[in-house]
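*Asks:* Annotations for this protein, taken from TrEMBL, read as follows:
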{"type": "TRANSMEM", "residues": "B:21-42", "note": "transmembrane segment"}
{"type": "TRANSMEM", "residues": "B:54-73", "note": "transmembrane segment"}
{"type": "TRANSMEM", "residues": "B:85-109", "note": "transmembrane segment"}
{"type": "TRANSMEM", "residues": "B:136-156", "note": "transmembrane segment"}
{"type": "TRANSMEM", "residues": "B:168-188", "note": "transmembrane segment"}
{"type": "TRANSMEM", "residues": "B:200-225", "note": "transmembrane segment"}
{"type": "TRANSMEM", "residues": "B:237-256", "note": "transmembrane segment"}
{"type": "TRANSMEM", "residues": "B:307-334", "note": "transmembrane segment"}
{"type": "TRANSMEM", "residues": "B:355-379", "note": "transmembrane segment"}
{"type": "TRANSMEM", "residues": "B:416-437", "note": "transmembrane segment"}
Number of protein chains: 2
Amino acid sequence: MTRLSRPHRPFQRLRRRAVKLNPPIVLLSGFVLLALIGAALLKLPISTTVPLTWMEALFTATSAVTVTGLGVIDVGQDMTLWGQLILLTLIQLGGIGFMTFAALTLVMLGGKMPLQHQNIVREALNQSSFNDLFHLVRLVVGFALFIELVTAALLATAWVPEFGWSSGLWLSLFHSVSAFNNAGFALWGDSLSQYVSSPIVTLSISGAFIIGGLGFAVIQEIIGHKKNTPWSMQTRLIVYATVGLNVVATLLFGLLEWHNPATLGGLDSTFDRVLAAWFQAVTPRTAGFNTLDTAALGTPSALLTMLLMFIGGGPGSTASGIKLTTFIVLLLTARAFLRGSTEPVIFSRRIRQEIVFKAVAVAFSGVMLIFLALFGLSISEPRQSFLDLAFETVSAFGTVGLSRGITSELSGEGQMILIVTMLLGRVGTLSLGYFLATRSVGNVRYAEGRIQIG
Amino acid sequence: MTRLSRPHRPFQRLRRRAVKLNPPIVLLSGFVLLALIGAALLKLPISTTVPLTWMEALFTATSAVTVTGLGVIDVGQDMTLWGQLILLTLIQLGGIGFMTFAALTLVMLGGKMPLQHQNIVREALNQSSFNDLFHLVRLVVGFALFIELVTAALLATAWVPEFGWSSGLWLSLFHSVSAFNNAGFALWGDSLSQYVSSPIVTLSISGAFIIGGLGFAVIQEIIGHKKNTPWSMQTRLIVYATVGLNVVATLLFGLLEWHNPATLGGLDSTFDRVLAAWFQAVTPRTAGFNTLDTAALGTPSALLTMLLMFIGGGPGSTASGIKLTTFIVLLLTARAFLRGSTEPVIFSRRIRQEIVFKAVAVAFSGVMLIFLALFGLSISEPRQSFLDLAFETVSAFGTVGLSRGITSELSGEGQMILIVTMLLGRVGTLSLGYFLATRSVGNVRYAEGRIQIG
Ligand SMILES: [K+]
Ligand SMILES: [K+]
C-alpha cells in the first residue's frame, strides 16, 4: 500500500490536512459564516422597512445565530415578514439546527461521516457516547419541533383572538421558536411586558425555554425512559438544579422587587406578582425575554440576574452560560475541599479529576472573556454606567439578551465587542477544551512540583 | 490501657475535644478577639481627639488587625499618638505578628507545642514542611523588623527635614510598619497623595510592601540562598509573577491614565507620571496606599485595580487576595486543558490534582464571598454607585484598603458587611481548606460518575 500510494502523496497530504482541521475553529467559522450570510440577507431591501447599516445587520444576525436576542433594532417594527422569517431561520439554525441539521444532512447523504465531521456533531450534542447519535438526532429534532408546535398552539389560544388568524399564528410561531431555542427575540419593542399578567403566554413560553435549556441528553433520557430505571446522575443533577435554582430565584426576586413600583409593585394582584417573579427568575438562564423592565430592577436584582446569566442552562442545550453542571462541579469541588475530602462526590459518585479541570477551564475562560469584554466596553463607552455595561457583557456572554437598554446606544467598537462575546459565548470556550483534550495525550510525564495556595 | 484509663474518661474526652478544636475557627476567633480588644482600646478617651462610636472603633480595629486600611475616621486627625500606637500594634499583630509571635511565644515558653497549636502556626506560615519552623520564625521576625527599620530610615531622610525629629521619625516608623504589613494606613487624609512625585517616599514604601507581599517562604529562600542552587519552583513562580504583573500593570495604568487630568495627566513631568503609574500598579496587591485619587480613576483603571486586588500577593505573606499562586494554578489548569493536556505543568513540574482542587476552593469561595457581600451592600446602600460598591467589596476581601471614598458614608449594616468580609478575606477561605484537607482522609471510595461540562 505504502509503495503504491506514493504517487498520490499530494492528495494524502491534503486529506491529512483536512483531518487536522481544528474542529472548534470549524464550528466557530460555521457560526461566523451563518452570521455573515444572515447579515447580507437582512441587508436586502425586502427584509426591512427602514434600511439597516452593515453593523446593524451583522449585529442582528449574530444575535440570532448565537440565540442571544440583544437588539440594536426593533424587530417587530423595522423588519418585514420576510426579514422576520430570515431571523427565525437563523435562530433555528443557530439553536437546535446548526448541530442536528448538520448531522441529519450527513446521515441523509448516506455513508459514514468523515472523522472530523463526527467530532463536530459530537461536540454539537456534547455526547460522550457516539453510538446513539443518529437516533438522537432524529429524536431531538422531532422533539424540538413537537415542543415548538405545542407552544405555538398554546400561544395561539391567546393571540389568534387578539390579532386574528394570520398575525396571531405568525406571532405564536415566531415566539415559540424563539422560546425553545432560548433566543429571546420578540416582536414587541418591550418584549413580553404587555403579557406580564397572562399565564398562558408567560407559562407556555417559559415552559418551552426551560425544556430547551435542559439539553438533548436529558430530554432523550426523560422521554425514552423505562419504568423502574433510575435517571442517570447527569439527568438528576440538571433536573434538580433547574428546579432548585428556579424556585430559589423566584423567591429572591419576589422578596427584592415586591414593593418596587416600577416592577412587581406596579402589578395589581399577588398572583400577577408571583407570575412575574417566576418569569424574571427563569428567563436569565438564558432565554432573555422579559415581562418587567430590566432597567427598573434594583441593583440587588440586577446582580442576581447576572449570576443566573453566567451560570446558564444544561450542556448540549439551546441555552448558554458556563452551564449548570460546570457551576455545580466547581461548587462541589470547593465544598469537598473545605470538608477535607480529596475528591468531590455527587449522588455517591466521585467526580473525575478531568471533569474538574474541564470545569476550571470553562469557568476561568468565561470569567476572563467577560473581564476583557467589560474592560474594552468601559474604554469604548465612557458615558455608560458600570452596572449597565457589566450587565450587557454578561448577557452577551451567556447569549441571554436581557438588557438595561444600552445596546442601541453603543459605539461601533462596543457593538463589535459584543458580537465577538456572543460568538465565543455560544461556541463555548469549551468546544476548544473538549476537542483538544480528547485529541492529544500527554507524552511527557513530569515530576510533581510543590506550590502553596492561598 | 483501655481498662485502666476508664475512670479518666471525662478528661480524655476533654482533651480529645481540645484537639478537635477547629483550627480555622481558632484562627478566626483570635482575629475577632484582637479586633474587639483593639476596639475597646480605641474607645478610650486618650486614644482619640474626638469620641468614636463603637462601630467606628470596631471598624477601625478590624481594618487594622486584618491589615486592610479601609477607614471610617481620619487616623492622622482624629487619633492621638497613643491611639496611633494602638493601631500600629494591631497592624503588627495582625500582619507578621499574629502568626510569628504566637509561634515565638510558644517556643520561648519551652517544650513542645500541642498539635493543634502547631497546626495554627503552620497555617500561619503556610509551610508544608514543619521542621524549619522555629528557625523560620526567628528569621522572619528579624527580617521583617530589619526591613521596617531600613524603610523607616529611608523615609526619615524625607520626613525629618520636613517635620522635625520627633514628628518625622514617628511618621517614618508608622508608615514603614504600615507598608511592610501591607496595611495601607496613612496619617494623611489623602494617604500619600502629596508625595506622588517623591521617589524616596513612594519607592521605599512600595519596596517594603512588595517584599512583605512575597511571603515568608520566599524571603527565607532568597536570603538563605546558596550560590549555584536554583530557586525552588514556588519562589521562581512568585518572583516572576510579581515582576511580570507589576510591569504590565504599570504599562496599562500609564496608557489608561496618561491624559486624565485628575490623575497622571495632572502631573508635570514624564518621570512623575511613570512613578505614579508604578505606585498605582503595585499598591492594589494588597498594600492600599494611594498617591492618586482612587475615585478619579477611569472605569477601565478601576476594573484593572479590582482584578489586581482580587489576585493579591504571595501565600503566607502580609498581603491577602486569593494569592498569586492560586491565580496562576487556575490559569495553567485552564491553559493545559485548552491545549489538550490532562495536567497543568509549570517549570517542567506537574501540578498535583490536590493543589488544583485547593485553588478551586480558594477562588470559588472568594468569588462567592464577594458576590454575597456585594449583594448585601447593594441592598443596604441603595444610593451608592455599583462600581463604587463593587470596588469597596473587592478591596475589603483583598484587605487592600483602596476606596473610591464611600467607606465613611456606609450604613451600619454596610460597615458590618465589610467587617465580616475583611475578617474572612484575611483569615482566608483557605485556612479552612488547608486544615481540613490535611486532617481527614476519604474512607469511602466511590465509583466514578459521568458529567458533561459546558
Ligand atoms: K437568549
Ligand atoms: K491593605
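All positions are counted from 1 along the displayed chain.
Heads up, the Cβ atoms here are built off N, Cα and C, so glycines get one too.
Model, not experiment: these values are computed from the prediction.
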*Asks:* By a Cβ-Cβ criterion of under 8 Å, what residues six or more beyond either terminus of the transmembrane segment (B:54-73) are in contact with it?
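*Replies:* For the transmembrane segment (B:54-73), the far contacts come to 31, 34-43, 48, 79, 87, 90-91, 93-95, 98, 178, 181-186, 288-289, 318, 320, 392, 395-396, 399-401, 403, 407-408, 410, 412, 415, 418-419, 422-423, 425-426.
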*Asks:* Determine whether the transmembrane segment (B:168-188) and the transmembrane segment (B:307-334) share at least three Cβ pairs under 8 Å, counting only pairs 6 or more apart in sequence.
*Replies:* yes
*Asks:* Determine which residues of the chain contact the transmembrane segment (B:200-225) at the Cβ level, with the cut-off under 8 Å and only residues 6 or more beyond its ends counted.
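*Replies:* Counting only partners 6 or more residues beyond its ends, the transmembrane segment (B:200-225) has Cβ contacts under 8 Å with 95-96, 125-127, 132, 136, 139-140, 143-144, 147-148, 151, 154-155, 157-158, 175-176, 179-182, 192, 231-232, 234-235, 238-239, 242, 246, 275-276, 278-279, 282-283, 285-287, 289, 291, 312-319.
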*Asks:* Do any residues, 6 or more residues outside the transmembrane segment (B:355-379), come within under 8 Å Cβ-to-Cβ of it, and if so which ones?
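*Replies:* Sequence-remote neighbours of the transmembrane segment (B:355-379) are 310, 322-323, 325-327, 329-330, 333, 344, 386, 389-390, 392-394, 396-397, 410, 413-414, 417-418, 420-421, 424-425, 428-430, 432-434, 437.
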